[in-house]
Amino acid sequence: MNPEKDFAPLTPNIVRALNDKLYEKRKVAALEIEKLVREFVAQNNTVQIKHVIQTLSQEFALSQHPHSRKGGLIGLAACSIALGKDSGLYLKELIEPVLTCFNDADSRLRYYACEALYNIVKVARGAVLPHFNVLFDGLSKLAADPDPNVKSGSELLDRLLKDIVTESNKFDLVSFIPLLRERIYSNNQYARQFIISWILVLESVPDINLLDYLPEILDGLFQILGDNGKEIRKMCEVVLGEFLKEIKKNPSSVKFAEMANILVIHCQTTDDLIQLTAMCWMREFIQLAGRVMLPYSSGILTAVLPCLAYDDRKKSIKEVANVCNQSLMKLVTPEDDELDELRPGQRQAEPTPDDALPKQEGTASGGPDGSCDSSFSSGISVFTAASTERAPVTLHLDGIVQVLNCHLSDTAIGMMTRIAVLKWLYHLYIKTPRKMFRHTDSLFPILLQTLSDESDEVILKDLEVLAEIASSPAGQTDDPGPLDGPDLQASHSELQVPTPGRAGLLNTSGTKGLECSPSTPTMNSYFYKFMINLLKRFSSERKLLEVRGPFIIRQLCLLLNAENIFHSMADILLREEDLKFASTMVHALNTILLTSTELFQLRNQLKDLKTLESQNLFCCLYRSWCHNPVTTVSLCFLTQNYRHAYDLIQKFGDLEVTVDFLAEVDKLVQLIECPIFTYLRLQLLDVKNNPYLIKALYGLLMLLPQSSAFQLLSHRLQCVPNPELLQTEDSLKAAPKSQKADSPSIDYAELLQHFEKVQNKHLEVRHQRSGRGDHLDRRVVL
């Protein structure tokens, strides 16, 4: 520093002492400055006061020499003390050089800067609030200072500033929030602790409504909640807990919509505490805001659904996620199916599938359902508990369906999540069928694929969804449209039957009984599509047919009309080109028909053949059952067409008898001994009126080798009374009771011809296969 420079009104002694390395001498100089400034205040000499402050600032506090900077700091503090209540007029000039010293490399100098600013603030009190942001900014840096003395000094200043803010009603929160939002993302644990402590203080001040600005800082708070320091996490939990209490207390002033996506992001984090806290907030938001949260459903589901598959290690998160899921589901009502028509202009705002899927961890979605719906977020700022339930919110399904489809397609996802997805789909088809049927073609393949799931419960829920699709009036169209995917389109063309056959199927009205739901649903155009593709899946995945086929078909018979299911499958199988599969499928359907309790009513309907509908069903089943000779006979036994059964067995002599064929005859004999055929066994007592039944059974006996089944049937026939009555002369003339006299519409001769035609086709295919094999064998020998 130039000793000859003029520092007036500061005397040379003061200047010399301010530059001294000893603190005591600098302190003496400060007292002299205080005395000098007091005189200027008494004289109201503002020019000289400003000159003193400027000199101390420019020539000392901002000097290159460290001792000069220390002298400048203590001198500025002395000026503030001397100015007293008038210091508010000069605060900018007093504070700025001191704050500059906060960045000094010398820790002692940073400490003196804290001390000087403490004295300045202590004198000015509330007058410093217009400069709060710069003070806060400086303090936030010192909070992370490595020097313990500096940190201690900054804490004293921090407490003083908090006291001033608490006792004042002039705090400018609007100007402060941008700075808070910026500083809240600091990764330093001391800076985080400093930020949290200030939020707690501001939250406790009655005149400061921090809740209005919660969307600005909520994301930062959740990030601080993941801090490694236990104390900081605890402090942050307290802050978030206080905010949540305020939200519950005053939901009308909460900007739910602006915070929804923030919660969605943190509900997907890997940190258990953050995830649980965010999920608890989401639960409260859904319950308090109601339908306001609907536009964010796809994001919420993206976050919530995976949590439903958590194990007991994350039981708390799982339980809260389940409440969120159930609460959100309840918000969807039948009125949501009508909103597009009531307000057609809003259709344009529906998010596209690309926009609708919420972004994953680390990025927030732009708006409701992940799309930028500014009209929604800007249009709602204040909600009341009552009004939110009736808020005119449009439910857009694109994003929701995409999320559900994505989770159902993910084979790694947990069972409970898949069940929840299927429950959602079922709920949406019940509440908003017209909207959902726009998405059915995209959902259909994955729903069919889910039938191969390992869990019975998943398959049950999947079948409920498929049954609802197949029976909902909203799915009734003139043309169900092309199926999704090339292989499904191929299956459609491969298994499709002519339209008249379909029309006849869909109009079939069977007896409503145990096989039907309480109110048998009307089948729509998707029903036939479902049957076609289900059979196609059984054809391509034989293990599914073997392991789950009976279970799937029995459940469908409970959910839908059993008669329609059997009628349609028989109709489709009649045109199946893979004859081996057709035979296998017919055998499976026949076993289900004869053994399942769910089909008791349908069996009774077929047993009597009293109505035209039952006769038509018999003829339809018969034509497909012809793919398997033994099942055809069992169908005749079920319907008490014993003469035709005998005629069929006579034709067995012309068939190729294989091991599989004999095994099926063996199973039929076992079935005859079951309760299902009790009526048939009792009819053996009436030999006179049932000669063809006995002949048919003897025919089966003659087909069997000497086996356990042969012995079983032989013993049964030995119990028939008066066997000589089998040779009755008038048996060909009389119409036995077993051959329905009241079924003139059934042309049994034509049915027998059809049986021969189908079996010849099977024989031809087998010969073609064996011919190719023989040809290959000959080539090998040569």
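Glycine residues also receive a Cβ, built from the backbone N, Cα and C atoms like all the rest.
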Feature phosphothreonine (Swiss-Prot), candidate list THR499, THR520, assigned to THR499
Between SER472, SER743, the phosphoserine label in Swiss-Prot belongs to SER743
Checking THR11, THR333 against Swiss-Prot, the one recorded as phosphothreonine is THR11
Over the repeat 'HEAT 3' (171-208) the mean pLDDT stands at 94
Same-chain residues at least 6 beyond the ends of the repeat 'HEAT 5' (438-475) with CB under 8 Å of its CB atoms are 397-398, 401, 405, 408-409, 415, 418-419, 422-423, 425-426, 429-430, 481-485, 488, 521-527, 529-530, 533-534, 537, 541, 544, 548, 551-552, 555-556, 559-560
CB neighbours within 10 A of THR11 (phosphothreonine), counting all protein chains shown, number 14
Sequence-distant residues near the repeat 'HEAT 1' (5-42) by C-beta distance (under 8 Å, 6 or more away from its ends) are 48-49, 51-52, 55-56, 59-60, 65, 67-68, 70-72, 74-75, 77-79, 81-84, 86
Simplified to three states, DSSP reports THR11 (phosphothreonine) as coil
